[in-house]
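Positions annotated as compositional bias 'Basic and acidic residues' by TrEMBL: 1-11. Residues or ranges marked as compositional bias 'Polar residues' in TrEMBL: 13-28. The annotation region 'Disordered' is assigned in TrEMBL to 1-30. Summarising the annotation, TrEMBL assigns transmembrane segment to 38-55, 61-79, 99-117, 137-154, 166-184, 190-216, 228-246, 304-326.
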Amino acid sequence: MATADLKKESVSPKATESTKTVDATPQPTEREKKKQTFIVRTIWTLIMIAGMVLVLTAGHIWMVALVGLIQVLAFREVIMLATEPAREMKLPWVRSLNWYFLATTIYYLEGESVIYYFKHHVVVGNLLLPLAVHHRFLSYCLYIIGFIFFVYSLEKNHYRFQFAQFCITHMTLLLAVVQGNFIVNNIFSGIFWFFVPAALVITNDIFAYLCGITLGRTPLIKISPKKTLEGFVGAWICTVISGIIFCKLSRHFYYFICPMSDIGIHAWSDVTCTPNPVFLVTDHRVPTFLQGMLGTDIVSFPDIYFHVTALSTFASLIAPFGGFFASGLKRAFKVKDFGDTIPGHGGIVDRFDCQFLMGFFSYLYYDTFVATHGIAFDIVLQSALMNLDPKDQVMLAESLSKYLVNNGLVHEKILECFA
């Protein structure tokens, strides 16, 4: 018996060691992890580039759909982080209210864009006209319903959390959804005003990394310790140069510079328009102190280069603070990324945090310094249909017909309709 026990005791450690050997699996080294992450990140970067090219060539509506998808996913990522404690508190309506406010905001913003850019379709329809006329009032009523329901859902001992959720929801709507809507307006104004600002942000991000790892010495901001002043300034210079190159390559294509005139337009459509004056070559007087060096007092180039330089400067010096803001928000929630929507890159917000700020600025800049404001056909038609009674509308049509007949633009038989 004693011998048997000794055999058992002598075998047992070996068995245990054997089990440990079988169960032990080699853990990947830090270098292998970084290599795997780099491979995944590169693959998904190529996928995103290919997807972007496909959407750009597919047409304006597909770009609008892409922006809408990004808005919703960005909102979802922030709200998912913010509402996580709601499960433990057993507050069932928190997320439902958040999505309701998102829906009402999209209805208001996208409705405004549709009414503005598609007046000639909206104002002539008996069904759509009342919705267009009362759109803002209907949107406000929908919002008030959500507001009342929020107040009704307040529960004792959870007031602070619920009001914090209300504030976070509206902050996200403002920074992601509202600003994203102005990107949609940029698309309608011309793909150039959507593509170039977005490309400038991406370019700046790339050069900030490259200049930072090669020249970086001085820390830039505490919230992002890896950002350096040298990378910040170097990226600015490189982004301005890249912006001029983007402009030179794209300003000759009507598909890029023309405002959207039809929802079916794509890259292979025969698009023509009268280009905005900023895309046309004009003469510029050279400053006196440069005339000797250049050997001339006049140089010719389109004004769009000035505007792209301004956009490049904003993309380099201001838009990155959208990323810094997002970094601070992640630290507030104690997370590394907003999500894992894009493998190797994190969430949608991690990739597009600067784009929302850039898109809003691009819209304001275009509308202030570039857009040509005039009385368009859509505005006149909308005003006539909404402000004139049927009798006055007939009188307007008759007067316009007489004018067109007198100028030989239409046949005089058209006047028989008013006899």
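Quick reminder: no glycine exception, Cβ is built from N, Cα and C everywhere.
All TrEMBL annotations are machine predictions without curation.
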Worksheet item: Between the transmembrane segment (166-184) and the transmembrane segment (61-79), are there at least three Cβ pairs closer than 8 Å, leaving out pairs fewer than 6 positions apart?
Response: yes
Response to the item:
Same-chain residues at least 6 beyond the ends of the transmembrane segment (190-216) with a Cβ under 8 Å from one of its Cβ atoms are 56, 60, 63, 183, 226-236, 238-239, 242-243, 246-247, 250-251, 255-260, 276, 308, 311-312, 315-316, 319-320, 354-355, 358-359, 361-363, 366
Worksheet item: Taking a Cβ cut-off under 8 Å, which residues six or more beyond the ends of the transmembrane segment (228-246) line up next to it in the same chain?
Response: 195-196, 199-200, 203-205, 207-213, 215-220, 305, 308-309, 311-313, 315-317, 320
Worksheet item: Going along the chain, which residues at least six beyond the ends of the transmembrane segment (99-117) come within the CB cut-off of under 8 Å?
Response: 68, 71-72, 75, 131-132, 135-136, 139, 142-143, 146, 149, 169-170, 173, 177-178, 181, 184-185, 188, 260
